[in-house]
Amino acid sequence: SFSLTLIDALDTLLILGNVSEFQRVVSVLQEGVDFDIDVNASVFETNIRVVGGLLSAHLLSKKAGVEVEAGWPCAGPLLRMAEEAARKLLPAFQTPTGMPYGTVNLLHGVNPGETPVTCTAGIGTFIVEFATLSHLTGDPVFEDVARKALKALWKNRSDIGLVGNHIDVITAKWVAQDAGIGAGVDSYFEYLVKGAILLQDEELMSMFLEYNKAIKNYTKFDDWYLWVQMYKGTVSMPVFQSLEAYWPGLQSLIGDVENAMRTFLNYYTVWKQFGGLPEFYNIPQGYTVDKREGYPLRPELIESAMYLYRATRDPTLLELGRDAVESIEKISKVDCGFATIKDLRDHRLDNRMESFFLAETVKYLYLLFDPDNFIHNDGSAFDVVITPFGECVLNAGGYVFNTEAHPIDPAALHCCRKRKEEQWEVEDLMREFYSLKKKKKFTFKRSSNHGEGESAKDPEDAPSEKGGEKRSSKKNSHSLLSCPSQSFNSKLAVLGQVFLDN
């Protein structure tokens, strides 16, 4: 558990500027963490905290001044640890539906008596970490199982377009049929959007937009989101859960800022009422729900404030941040850290501090008030690294946070593709163009997934993913890079020569 906490809070150290401590913890982790232990672990939690935390730390290592090995970011000890941890989770996905079990034994795989009932979020919250892992390691198995699980949930949605809370991963029968945006479902919707952004995947985004229509039609009432029966759309629980407070931030990612602000302000009124968000809040009664009065310093409302402030610069969002800092300092600070608030009605404390307080709450608060943090980079600055597959641009911004607030650099996913042959240096382009060994026509083909140009030495060597489509380097052709770039001929002309067709 100590190693898990280190991993979960590691990138927070760098974002807050504590580079030396980041370096120290990385050196501790590089000595190795043993995953060959006879322990039953949550597949969901291990992914978002361990795999996500290790991937983020791996990709931030060079920025933090950690000495990285040759081939980084396509190689490195933290990446190997992330891959080892993820492989321990793969047995959970071996079900008839492709939807994973909720728990797996790290040494023996899925226990024979393991329950097949898993919550929706526990099935649909893998694509960010697993796709990143597949792109960095070249092994497609991780992204494949994550996609299959997402599609299985999509296939089993109700006729009115909603998904329930828990499902049997063997039979695909819904066990809990409450539909909403909160606990048990939340990060499934989050990962459809973030997966679409990270991978530039239209299918994932179209899935979310369809869900969004159903959510608005059946669960939204006066800018609140209630729980309804997934097949009928009738209200089952008129409550707001603190975990639902991520939703305005998610809305901002798809550009629905106006609705996001209205919902956020509803949630903010609850915060001001209690000095925190109770786990459950009865909307008609305007008060906490029995036995759900606690606040374990969750980050979701602060997360939404950070996203919305980046989109709007509305000072109201900074007021929430100030209120959060003051509440946490006055109510929950103790000698050894910050304690969970057991009851918001009288501010009694519990003897525990969740690791997500360090991994998420503190991080989002800091980013809300730090406009110049490297996480907010707009692409005006970046690093160029050399990989075994050519040059690669990193740290240009656009970070995608996993649901445990571990930032993933989307550019890194394009660094380690073994089929990528296009070189970004003029010298490399010229060597390709004038290769003495391979006197074949230089062509470009369009990638069907990323719209990114790739060079090929011969049409037979590079069949296109769109029916063999290719582009010849004849008149007016250009490199189809995903970022701004000069045309192919212009690149060659940089050295003072213009190369025509022949």
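The backbone N, Cα and C atoms fix where each Cβ goes, glycine too.
Record features (TrEMBL):
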- GLU45: active site, proton donor (ACT_SITE)
- ASP186: active site (ACT_SITE)
- GLU279: active site, proton donor (ACT_SITE)
- GLU300: active site (ACT_SITE)
- THR403: Ca(2+) binding site (BINDING)
- 447-484: region 'Disordered' (REGION)
- 449-471: compositional bias 'Basic and acidic residues' (COMPBIAS)
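Geometry remark: ASP186 (active site) versus GLU300 (active site), CA distance 11 Å.
Each residue contributes its Cα atom, and for GLU300 (active site) and the residue listed as 'Ca(2+) binding site' those atoms are 10 Å apart. Least crowded of the recorded positions (GLU45, ASP186, GLU279, GLU300, THR403), judged by neighbouring Cβ atoms within 10 Å of its own Cβ: GLU45. Straight-line distance linking the Cα atoms of GLU279 (active site, proton donor) and THR403 (Ca(2+) binding site), rounded to a whole number, equals 18 Å.
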